[in-house]
Structures are given as structure tokens and as C-alpha cells.
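Novice: Quick one: the structure is below, questions incoming.
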């Protein structure tokens, strides 16, 4: 998982005149469709012809534009536009009869382009950050896939565009006043265009985000011309903070379906479309804080890889912080008791509730989870790897801001991986520890919607122990049967067992072997098989048994085997060969970052040239150690197509000055 890059850590030298030549082009060739319902909404899109290069398979990228006031039908004041970016890929096989899957990354504030480009999308970006190769395990093999950047201001989605200055040393970002001259850029001072970075013009919590996404879906599924299925089933797959997104969004959609069907929804004509929900898949999701917090001390100290990431004393301190009077557990219970009375819909409308819930999250994170980060030296998303880890490779970060990619997508701003303003808006209302997520999952199951929980067993961030506890914490009609189901091996092919699964009917919990936070990146075939089996009503264990109808005796299909899977042990993996990609400083050591700042680093295509990178990517960085040429102000250039080119585009990645459009 790529973290938000600290700007000072990303300090690079920029030649201002070169950077200005690389600004994203004004979008051209964009199709504009005004809503037929007169709501003021519209769709803009292009056929980019990128990433999915399989002959005959179409893709479309664009925006659903929602005007101010769209959310008023939910009693929410919204005085800003919501321009939500999407990228849709037809299924490679029989798209007319294929179901549709929606993919969203978490954060909150993370772009779904991360999942698309490194996990389950049609292509991967090569080490040159300028070309792609097809992914044979893409989730659009048999499913139409829709990737969405949400909530507004995430990734390529925006409210309004504005010009900013950015000081790379102090990390200060200042909005330029209208008519103010564009300042001259230098090595540590840049200008550019972003979404507004106004915390008041993004979603304040998961429930608020669900409302905006539902309106997006109403427009897209009724009016987007590139989607004409005979199969109207819609599934949602999400990851990480998607442990909240998935339950809340899907439950909200189903609640709206019920209101439309029974006539209690009084929205305008364009908001009467029933979304035929089929499956919710959560990949390494942080679902319920109260249930999952005990899993962090266990994962750090007693996991199936026999890795003691913290010592006994630190482990005891983590447990004490969790269970002592006034500790993490008590703070969350206090948050939930207040929110259930004063803010039952988790809209952030009560400042006392917000503060109490925010305080609970801060305490629990610092004292229960973060000792692992402070003392282990291991990766947050893969306990088997030491920090820094270069996996999944961040080559896509530069590719998404290549001028030809921006032009093909028709986007009016630069892409960013994570938005700290969005994350802050969620944290400000204490969205993390609030209640309701497991209840949402129970509601979905009671309404016939499948729930598939998938967890890589090397992740710490939202680890599988917590995922298992969440699965057992869902209280619904078949809870007893699910608890009594044993674990069965996940048969991927004739020679490979990909993990263990407990399943009864529409609910499954899968532990995937040898996988970190982003399961499809680590185990692409296993992830694809689980995805297909979930959507096509097959058992997760073998893919051969029907799960949609009752068997003899009136029971649904259920797995049998051991009551838990802890007894299935793993060996720690070898370490990845390390390389530093300067657009993602989480892949770099402190010394490497300093070498970029002080001008001693040699860099090609955003990769620091050393013995590791020359062995991994000789066609990109060269096969031997180069002789760097100093550049004024710091970094070094290898050639006109080496570091200098990288610096020019990084200016575009961080910021850009463009004509404000759409």
C-alpha cells in the first residue's frame, strides 16, 4: 500500500521552463451528456485505448458531474460540485452477459487507480513508467469492471480546481488569489492546480460518502451509454478502509432499493433506479474497531509465520492499553454509546460525539497498534518484509501523469495517490471506531446479498485475525451454521492450495496464504478464483458446488474441517530485492532520500541507480554504475531521458497549472 508522500522527502530539483512545458493538456475530444432527467447532472467521457489492449475489448474513462444541492434529498447541504472519476473496462469474455463489479480502494482518501494498476486491473505498468503489459489475472476477464475514485477530491476526482503554491521544504501549501501572478518556480517552490483542498467540500465520514456514491450510481447506471448488459447484477469489491465503505455503501444502496420499491423514496425521476446488488467482497478490510483491535497484539507477537515482531514486554503493553480501565476498549464503547443516541446515522452532526470518537481512535492507534510500527522495523502491510519494501512496485505513479495518459483520459488535473484532506475529514468526526459495520453486513445477508471476506495472512494493517473475528461477530439468521462450519482448503488448481476458508451459504471468510494487504498483488490467481467463485455462486473451496440453493435437508452449502486455521503454519518469505522509487518515498531509506536532496543520487525514470536497480531493471537504469552529472540545486542527471525527464514530470505529478475546465 502506497502512503501519502511527505513533500519534503520528495524534494527534487525542477527546471521551471521545462516543467511548464509538461502541464497536462486541456481535455479534448470529450463526449458530454447532459442528464435526460433535467437534474443538472452530466457525464463526460472518452475511450482512452490505454491499459486494456486486448483486441475488441472497450474501455471508457470520465466523470459523473453532480451539481451543488444534489445531496439535499438526504437532508445534507452540499454547496459544491462533485466530479467523480471512473474508468470502466468491458469484460474480456462475453461482456453483454457478464455481471458488473465495482472496485474501490480505501484510505480514506486513496485512489482506486492503485488497485487497478497494481492488483486486479487489466494492466501493470512497466519499470520505465511509460508503458504497460496485460494482466492475465485481471478481474475483467469475465466481469465488467468499474473503478471509481471516491469520495470527491480523491485521485482524479475533484470539487473545484484552484492554483496553489507549494513549499517542498516546509510542506506549506498556499492558495493563489484570483489574478495573482504565477510565482517563479525553483528547486523547492512549485505552483500548480489541485482539487480545492477544502475539508468542507468532501465527504465527512462513510455515511456521507455513501450518499454521493449512490447519486453517482443513479446517473451512471441509467445514462452511461457504454454499458448495456443483459446481466444487471452489481457487485462491490473494496479493500482496507473498504471494510467500512463496503458494508455502509452496500447497505445504503439496498436501503434505497427498498424505499424505491415500497414507494417511500420521494426523490426525483432520475433517482428511482433499483441497483441489483449481488455480492460484497472485502479484501483485508478494517471493519469493526472494537472487534478487531485485539488482533493487533496477536499479529505482532503470535502469528502463523513465527515472527515475533515485538517482544513480550511490548506485547503486554499493547494488551494493557486495550483492556485496562479507561483504555482502548472503554473509549470505543463510550464513543458508541454516545453516537447511538446523538448521531445514530454517523453523520458527524454532534461535536461531542465527534471528539470522543476521534480521541478513542487516536489512543487505540497510538497504544495498541503502533508499537509494532515503532519497534519492529517491519512493513505495515506485510509482516514478512522489512522496511522499506518496494512491493507493489509504484511505477504506475508516474504513468498516470504522463502527458499522453492525461490526454487520453481527458482529465483536467493531475493524479495523486492519497488526499490528506479527505482522511482528515473522516478522522475529524471519529468515523473509524463508530458502530454499525457488522450490523450492515448482517442486513446484507438477511437480504440475500453475498458477503465474501478475503484476507492475506501476512498483512498487519487489517490482519486476518481481525477479519476472522469480524466474520464471527456478524449476528444474522445463519450465525450458528457459519460458526459450526469448519475450515477447508482453497483448491486453486490440481497442485496448489491457496489458503483456508470457512463458508456457510452466502457468507465466507478466506485466509489467503503468503499474501500481504493487497491480496491480488501477491496471489493473483487465488484472488481471481475467489472473486469469480463469489460472484458466480460457487463454493470458495473448490469452485464446483452451487451455493445459491438449499441442499437436501434444507441447509445451504457449508465447509467442513478444523474449527480454526491457526494450525496451518507458514515460513517467512525471502526479502524483496530493494530499490528506491523516488515518487514513493516509502520504498526508500533515509539515506537514499538524503542523497536525492543533496545531489549525490543518480536517478533514471524515478529509480535510484544502484547495484540492486541495475540488476532488476537494466533496460531502464542501465547495467552499470553511471557517473552522475551535478545539476544546480541538488539532484543529478544521467541523460536527457534519465533523471532530468523524471524531474520534469514529477513537477507535474505534484502540481500543475492548467486552464480550469469542466
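Glycine is no exception: its Cβ is also placed from the backbone N, Cα and C atoms.
Grabbed the feature section from Swiss-Prot, which reads as follows:
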- 1-21: signal peptide (SIGNAL)
- 51-123: disulfide bond (DISULFID)
- 130: N-linked glycosylation site (CARBOHYD)
- 163: N-linked glycosylation site (CARBOHYD)
- 200: N-linked glycosylation site (CARBOHYD)
- 240: active site (ACT_SITE)
- 262: N-linked glycosylation site (CARBOHYD)
- 302: N-linked glycosylation site (CARBOHYD)
- 311: N-linked glycosylation site (CARBOHYD)
- 328-364: disulfide bond (DISULFID)
- 335-357: disulfide bond (DISULFID)
- 350: N-linked glycosylation site (CARBOHYD)
- 414: N-linked glycosylation site (CARBOHYD)
- 459: active site (ACT_SITE)
- 462, 518: substrate binding site (BINDING)
- 493: N-linked glycosylation site (CARBOHYD)
- 506: N-linked glycosylation site (CARBOHYD)
- 517: active site (ACT_SITE)
- 598: N-linked glycosylation site (CARBOHYD)
- 612: N-linked glycosylation site (CARBOHYD)
- 633: GPI-anchor amidated glycine (LIPID)
Novice: Helix, strand or coil by DSSP: which one applies to residue 517 (active site)?
Specialist: coil
Novice: Let me check the 10 A CB neighbour count of residue 302 (N-linked glycosylation site). How many other CB atoms are there?
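Specialist: Total other Cβ atoms inside 10 Å, all chains included: 13.
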Novice: What residue among the disulfide-bonded residues 335, 357 has the most other CB atoms lying within 10 A of its CB?
Specialist: 357
Novice: What count of other C-beta atoms do you get within 10 angstroms of the C-beta of residue 311 (N-linked glycosylation site), across all chains shown?
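Specialist: Summing over all protein chains shown, residue 311 (N-linked glycosylation site) has 13 other Cβ atoms within 10 Å.
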Novice: Residue 130 (N-linked glycosylation site) has how many other Cβ neighbours within 10 Å of its own Cβ?
Specialist: 17
Novice: Cα within 10 Å of residue 462 (substrate binding site) is the criterion; apply it to the recorded positions 123, 130, 240, 262, 364, 517 and give the hits in sequence order.
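Specialist: Cα filter at 10 Å returns 240, 517.
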Novice: Counting across all protein chains present, how many other Cβ atoms fall within 10 Å of the Cβ of residue 459 (active site)?
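Specialist: Around the Cβ of residue 459 (active site), 29 other Cβ atoms lie within 10 Å.
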Novice: Give the distance between the Cα atoms of residue 51 (disulfide bond) and residue 130 (N-linked glycosylation site), rounded to the nearest whole Å.
Specialist: 11
Novice: In angstrom units, rounded to an integer, how far apart are the Cα atoms of residue 414 (N-linked glycosylation site) and residue 240 (active site)?
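Specialist: Computed Cα spacing between residue 414 (N-linked glycosylation site) and residue 240 (active site) is 24 Å.
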Novice: Just jot down the residues in the same chain as residue 123 (disulfide bond), at least 6 apart in sequence, with C-beta under 8 A of its C-beta; none if empty.
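Specialist: 50, 51, 52, 53, 117, 132, 133, 134, 135, 138 - these are the non-local Cβ neighbours of residue 123 (disulfide bond), listed in sequence order.
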Novice: Could you state the CA-to-CA distance between residue 493 (N-linked glycosylation site) and residue 518 (substrate binding site) to the nearest Å?
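Specialist: Cα of residue 493 (N-linked glycosylation site) to Cα of residue 518 (substrate binding site) measures 21 Å after rounding.
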Novice: Have a look around residue 240 (active site) and count the other CB atoms within 10 A of its CB, chains all included.
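Specialist: The Cβ of residue 240 (active site) has 27 Cβ neighbours within 10 Å.
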